[in-house]
Amino acid sequence: MTHDKGCCGSVCQCFFEYATPKILVIRSKKVGTVNRVIQAVIIAYVIGYVCILKRGYQDTDSVISSVTTKVKGIALTNTSDLGLRVWDVADYVIPPQEESSFFVLTNLIITPNQTQSRCPEEIVVRMTLSVVQVPSLNSNCSSDSDCTPGLKDVRGNGVQTGKCVNYSDSVKTCEVLAWCPLEVDRDPPNPPMLADAENFTALIKNNIRYPKFNFNKRNILPHINKTYLTHCIFNATTDPDCPIFSLKYIVSTAQEDFQTMAVHGGVMGIQIRWDCDLDMPANWCKPRYTFRRLDNKDPENNVAPGYNFRFAKYYKTANDVEIRTLIKGFGIRFDVMVFGKAGKFSIVPMLLNIGAGLALLGLVTIVCDWVVLTFMKKRHQYKAEKFSYVDDFGLLSEAAE
Amino acid sequence: MTHDKGCCGSVCQCFFEYATPKILVIRSKKVGTVNRVIQAVIIAYVIGYVCILKRGYQDTDSVISSVTTKVKGIALTNTSDLGLRVWDVADYVIPPQEESSFFVLTNLIITPNQTQSRCPEEIVVRMTLSVVQVPSLNSNCSSDSDCTPGLKDVRGNGVQTGKCVNYSDSVKTCEVLAWCPLEVDRDPPNPPMLADAENFTALIKNNIRYPKFNFNKRNILPHINKTYLTHCIFNATTDPDCPIFSLKYIVSTAQEDFQTMAVHGGVMGIQIRWDCDLDMPANWCKPRYTFRRLDNKDPENNVAPGYNFRFAKYYKTANDVEIRTLIKGFGIRFDVMVFGKAGKFSIVPMLLNIGAGLALLGLVTIVCDWVVLTFMKKRHQYKAEKFSYVDDFGLLSEAAE
Amino acid sequence: MTHDKGCCGSVCQCFFEYATPKILVIRSKKVGTVNRVIQAVIIAYVIGYVCILKRGYQDTDSVISSVTTKVKGIALTNTSDLGLRVWDVADYVIPPQEESSFFVLTNLIITPNQTQSRCPEEIVVRMTLSVVQVPSLNSNCSSDSDCTPGLKDVRGNGVQTGKCVNYSDSVKTCEVLAWCPLEVDRDPPNPPMLADAENFTALIKNNIRYPKFNFNKRNILPHINKTYLTHCIFNATTDPDCPIFSLKYIVSTAQEDFQTMAVHGGVMGIQIRWDCDLDMPANWCKPRYTFRRLDNKDPENNVAPGYNFRFAKYYKTANDVEIRTLIKGFGIRFDVMVFGKAGKFSIVPMLLNIGAGLALLGLVTIVCDWVVLTFMKKRHQYKAEKFSYVDDFGLLSEAAE
């Protein structure tokens, strides 16, 4: 084997060379078994778990979503303030449209006919429903000197004018400039005023997109026809594809009681999971609906429990004075949360996983060599066969050889 | 080669050892070619596809976005109900501001001067525009016994009082407690009332952030000056950087007709894709706008087609009675959907891909060994050169040797 | 070593074989050191950087979030138009509830008592606050022929009737059908009307979920009790867990001046980062709050700076004419942006990284072989020991041998 030829021939020869490691084959039940078992485990893991179960051969993408909702239902209330009153969707959905959530009014405290004027401040004895007694604004006074003109306490209802006026026959409080009469800080009615809200239904339309795979889908599936849609109500077992939900069903599926929740309001999550294997037929890709309460009902570790907000309807009287009806609205906000991952075959993650799997097979040699060279009886023979030595030590060479 | 020295010397010697596999070089055109071709394919794949095309050397992050919008334009309507009327942005954008979408009213059915009172229920002959005739609420009656006091049908307009009253000279229906007069369930005007809406423009400001790379950018690019911004209108080919969009352009780019869509409303997606290679200059990172219709216009597999919602304006009469104007507003909701991935050089994914690529090179040996030991004429010679055998079989040893 | 046995025996024998590469051990300080150093670097990288620092053994998931907010505070304004007026939450938060943002009105231009009628168009001398003078709508006219009936200019306030009427004693402009009197296009008041808004507080409740790990958490942490919550105000150093924020603190932390920003409005991002290592105790997973201005205050590269929108309150007069109060509201929109990644131990990414690490160790052999066969004095000896050759060349064989 001499290599004395021209440059071209040398390169050619080099190109056509194939270098393969020399192998020592050890025929041994013990080592052979260890070898095959570890090999089998790694191959089973790579093929079975990574490729099949975890679909390691797929590239993934996250969902982009658009949601529209439509609530239906009528509620009847009968109170001393308002008399007999019917509430329809324009009354109880506030604001009338939102991006991916909707709010249904279930309870309210109304303060009608407020005008910008002066009135005695409320005797505030508590902060929003706190069980623990916290230092609250003391608006009681005995003379004008107890009141600070211009004081805007965050817990108060207005700006103090500096006067001390009669709140009742026996009590005096500081006068405030505010929307008067002031809202009374009382507990919301129980049972809730719009108890009928549990019978309302919500139609949820959801359009998703996986941009990487240019895949769009709607939650109203192609096999569903119009007749079915006008009648169906979602039920996880009997009607899992119907996009019309009973509010009571949503709340009760999340282990909550609608009437209890309706008193102070709350936040419900309507979770739509789109986990799609795009290597499979497109109609296997279906939304899964789950429901979860998002706010905290634990009274200890909480401030402002439930969900409420204040809004007003503004009117003008005949003599051009602006009046408003202040409404503290309690209700359930339904947040539609869409998430999911789509996977589709892609060469990069597949080869990445196969490459890593092949590399893991290198572990077999490490483990088995250790077994062979440590535990086998004939280990010195194996060592002599497996290893050759060349020495190139300066200092150690004499000692070593 | 004897190893009988002190412990320290042995460790030293071990430390300075370098173990390299013994190699059998086969000089063969056939195997050499197979070897080099497979090597070339794998290296080309790792460098060309994974590293350059897929940018496997980059760490990625998903976009966080904030959107504000501003619509401009004026529409004129002329109807028998309202007379000649001008609509400006405060009239047709409902609610006045939203997080990342905006709604433009294009058509409406107005029911003015509703009060809480009693009136005969509508004769409902159809469910929201359904082509298929579905069983609908039968509110016809001949005597009071046909009406159920307190019945709140989800398809009705109010709560039945139990009386049967004249709807017209010939027809009697159950009386309901509701906002009367009832809304007439009729088709929306065609052509749409605010047909002028197609000339409205929307300014979309989008601020994005890639938190992992601490990279912020706006869709109003730095090279764009104010003069340009006050005049430009987005056009995918001539003005791809202008953030001001004509509503008609958005709809027509998505292959839809504005006037047709305006009748029943709909949902349009304004998709902003921010795909940024942060190893490149920052001004290469630009938004790409695409438009897509998000709702389903297929009438067969649909319920409540288009997009509409009901809202009301509340008034008080001189004698303190609350009246409202109910508006069933049809319109186009524009959802601004921002997505994208940013990539930036990172050592971990690069070495991960290189590691997996090196491991894949191990495949070459497997394939070539199989070729050598199966197809080559001299395969027995190669086998003898490549493999050495040591036996350690208990049972099989006699038979084997 | 003969293999002439039955098929079963052959398979058995093959099963119990263990193939291990033959190794040439070179004892050399130089190569040994190179070998060990590269090995150490790779192992340190895989274990130290990938596994410990980057937590490569973890599977990750992105956050899903729900946000509710509640603003508190009272503002006092004193203007010639409105007189002394108190503003509470129902007045200045518009719309009253949103999904994950809230808008606080800080400044406004009011145009009261507009009706649908005819009035002379404004002399528009500028486009929204532009420094650069841009060609603006010329509504001046000398006779009816200068005005186009039906013209709806996007910059105008209404639809031209075609008449030329007196705007003032000296100037005539085209008459428009519009909500009259027209809004005056003037700069917003400075200082802002609701300067008190800086003292408002916002309670932000945030509920997150990592769906892959079925992990939920709230930003009101379990160790926080009610008494603390009723008193605390967020401060990055002293109260980093308090979910109640002063608006002034948010703005000033983002290096902005509240009063300056309040004049023209703006958009603030409240960024909540949830980076959770779910292999650690759950209470280590805490939100981190940061604040950032999202809109562009640079006047050069900007159109419609700040943040404002128009909305109207609708009234009816005694003789049933609809009037409205148009409000151009300037204010700060606070966008709550929730993001983050959770990691949890998972076998797939760990073995992927270990596999890639092992494969990288293959680099050691490549580098060291190159050193050994190129730079060492005894390189010919090593070459002879390491490589064996078998030739199978047709054409080249004579020349080569």
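Glycine is no exception: its Cβ is also placed from the backbone N, Cα and C atoms.
Nobody curates TrEMBL annotations by hand; they come from automatic prediction.
Counting only same-chain residues at least 6 apart in sequence, those with a Cβ under 8 Å from the Cβ of A:T201 (ATP binding site) are A:V71, A:K72, A:G73, A:I233, A:I244, A:F245, A:S246, A:L247. The DSSP secondary structure for A:T201 (ATP binding site) is strand. Positions annotated as ATP binding site by TrEMBL: A:K70, A:V71, A:K72, A:T201, A:N308, A:F309, A:R310, A:K328.
Residue environment of A:C180 (disulfide bond) contains 20 other Cβ atoms, counted within 10 Å of its Cβ in all protein chains. If you look up TrEMBL, you'll see A:C119-A:C180 (among others) marked as disulfide bond.
Annotation note: A:C164 (disulfide bond) sits in a strand segment as assigned by DSSP. What TrEMBL records for A:C141-A:C164 (among others) is disulfide bond.
Other Cβ atoms within 10 Å of the Cβ of A:C174 (disulfide bond) number 27 in total over all chains. According to TrEMBL, the feature disulfide bond maps to A:C147-A:C174 (among others).
Other Cβ atoms within 10 Å of the Cβ of A:C242 (disulfide bond) number 20 in total over all chains. Summarising the annotation, TrEMBL assigns disulfide bond to A:C232-A:C242 (among others).
What TrEMBL records for A:C276-A:C285 (among others) is disulfide bond. Within 10 Å of the C-beta atom of A:C285 (disulfide bond) sit 19 other C-beta atoms, taking all shown protein chains into account.
Residues annotated as N-linked glycosylation site in TrEMBL: A:N199. Its Cβ placed at the centre, A:N199 (N-linked glycosylation site) has 16 other Cβ atoms within 10 Å.
Residues or ranges marked as transmembrane segment in TrEMBL: A:350-373. Same-chain neighbours of the transmembrane segment (A:350-373): 26, 28, 30-31, 34-35, 38-39, 42-43, 45-46, 50-51, 56-58, 379, 382-383, 386, counting only residues six or more beyond its ends whose CB sits under 8 Å from a CB of the stretch.
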Members of the recorded positions set A:V71, A:T201, A:C232, A:C285 whose C-beta sits under 8 angstroms from chain B: A:T201
Intermolecular Cβ proximity, recorded positions A:K72, A:T201, A:C285 versus chain C, under 8 Å: none
Separation of alpha carbons, A:C285 (disulfide bond) and A:C119 (disulfide bond) (Å): 62
Cα-to-Cα gap, A:R310 (ATP binding site) vs A:C180 (disulfide bond), nearest whole Å: 15
All-chain count of other Cβ atoms within 10 Å of A:K328 (ATP binding site): 19
Cβ neighbours within the same chain of A:N308 (ATP binding site) - under 8 Å, at least six residues apart: A:P188, A:H264, A:G265, A:K328, A:G329, A:F330, A:G331
Span of A:K70, A:V71, A:K72, A:T201, A:N308, A:F309, A:R310, A:K328 around ATP - largest C-alpha separation, Å: 25
Whole-number Å value for how far A:C285 (disulfide bond) lies from A:C147 (disulfide bond) (Cα to Cα): 66
Cβ-based isolation winner (fewest other Cβ atoms within 10 Å) among the disulfide-bonded residues A:C119, A:C147, A:C164, A:C232, A:C276: A:C232
Cα proximity to A:N199 (N-linked glycosylation site), best match among recorded positions A:K70, A:C141, A:C242, A:C285, A:F309: A:K70
A:K70 (ATP binding site) and A:C242 (disulfide bond), Cα-Cα, nearest whole angstrom: 14
Rounded inter-Cα distance in Å - A:C276 (disulfide bond), A:C232 (disulfide bond): 25
